[in-house]
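Peer 1: Okay, handing you the structure first.
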Amino acid sequence: MSRVLDGVITRESAAELDAAPGTLLGGASSAPPRQASLLSGSLNLLNTIVGGGILALPFAFRSSGLVAGVLSQLVFGGMSWHGCMLLLRAARRAEPAKATYEDLARVALGRPGWLAYHGCAFVNCFGSCVSYVIVAGDPPPLYAYAGLSIGRPPLLLLAVGLVIFPLASLRDISSLRFASGAAIAIYAVFVIALLCLWADGPPPQQPPSAFKSSVAGYVRAVPICAFAFMCQTSLFPIYGETDQPTPSRMRRLTGAALWPPPSRFRCAAFAAAGSLYVLTGVAAYCHFGEDLRGNVLLNLAALPSPAIRAVRLAFATSICLTYPCLHFAARCSLDQLLFRERRAGRRVPLTLAIVGSSLLLALVVERVEVVFGFTGAAASTALSFGLPAAIDLRLGRAAALRERAGSWALLLVGSGLGAVSLANHARDVILEASAAAPVAAAARRVW
């Protein structure tokens, strides 16, 4: 397998793919035959799409309403799929053919495109790292049910110092790849647990709404959904590993991973990201109603069920194993942005900087939906919609108007949604901070 960790291609894997043009376009190549099947590629892409964002996705249903939440999964899943198709089409148009997202951005848009790619990739991966540390600081079952009382700051320090930092400091984390299959299994168990709660539990005190009257609620759901379907940076390595990589097979692969097309539903029914998201959002919102929090694990923490405790423990394990992959990707992009040449001696200082800053932000920001909101609005919309459309438009200047119309639509809609949702999210955070300031000041006066 190519050395791709949670959606970012390392320089070594990029060099391997560039050295074998047939890997990308299906042409003749001296490389050994590929072993990854269409199903294997779909599962790999599915694991890239579904991650920690599934914890905050039910909050998007609460923000926009039940019906609107389901429709948003269709819309953003379709937009993300279209972005994947534009990147593959642009890769075929590039001369010579390019096998990485990074190279396409540089060839089509020059150094500004290269900087935009690495900047957005770093923000996306670093935001994910921060959100994972935040989730690690939520009251876990091991401590609460063992009779131990540990505050959030000491708990975060222990988790980062004993588990996250040692794993993130590894020079080679390829041994953690086995977590991909385990992660998909954990997500499936998580969805099943929510469905069981919905089926057996009493109705919520405040039942869910089909639609919300506030426009701000719909805008608030945009970055969460955009972050949830972000997978474009993993597209080319998975494409290169697929047996007989042709455009038609890749359309089926991405369609299966993002949302099963009607004609391929029977072959894609194994568990698609869109299906997982809809089931998660509907089950959580219908069970908890308007009491649903930004991190659904916090709602589950109030339940005494041993099965729910096991699910939360499984998520904690998955987070510890996934953080190093996200950190590795963020470290590679940061190294590219700050330095001309890559040196092994910078690994530990960069690791300290990223892990330390993610810990500090997690200590200050206790709500994971805040991080997902900024990350999704600022980086995920650009990587999923804006950059793929801009690259395709630049490399396909001689294409037919019909082809360019789809790229223009994705560019304008994606960029507009990203800008509006970023401004709205920043406004929400500022208003909440202003409202909380008098309360904090009063508490300090009391003490």
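Cβ atoms are placed via backbone N, Cα and C, with glycine included.
Per TrEMBL, domain 'Amino acid transporter transmembrane' is recorded for 35-396. The annotation transmembrane segment is assigned in TrEMBL to 43-61, 67-88, 114-136, 142-167, 179-201, 221-240, 347-365, 371-393.
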Peer 1: Same chain, outside the transmembrane segment (179-201) by at least 6, Cβ under 8 Å from its Cβ: which residues?
Peer 2: 43-44, 46-47, 50-51, 54, 271, 276, 279-280, 282-284, 286-287, 296, 300, 303, 307-308, 311, 314-315, 317-318, 321-322, 325
Peer 1: Below 8 Å between Cβ atoms, which of the listed ranges 67-88, 114-136, 347-365, 371-393 makes the most pairs with the transmembrane segment (221-240)?
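Peer 2: If we count Cβ pairs closer than 8 Å to the transmembrane segment (221-240), 371-393 scores highest.
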Peer 1: Short question: which residues 6 or more past the ends of the transmembrane segment (371-393) have a Cβ under 8 Å from it?
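Peer 2: Residues packing against the transmembrane segment (371-393) from afar: 53, 56, 79-80, 83-84, 86-87, 89-90, 93, 101, 104-105, 108-109, 113, 116-117, 120-121, 123-124, 127-128, 130-131, 134, 220, 222-233, 361, 365, 404, 407-408, 410-411, 413-415, 417-418, 421-422, 425-426, 428-429.
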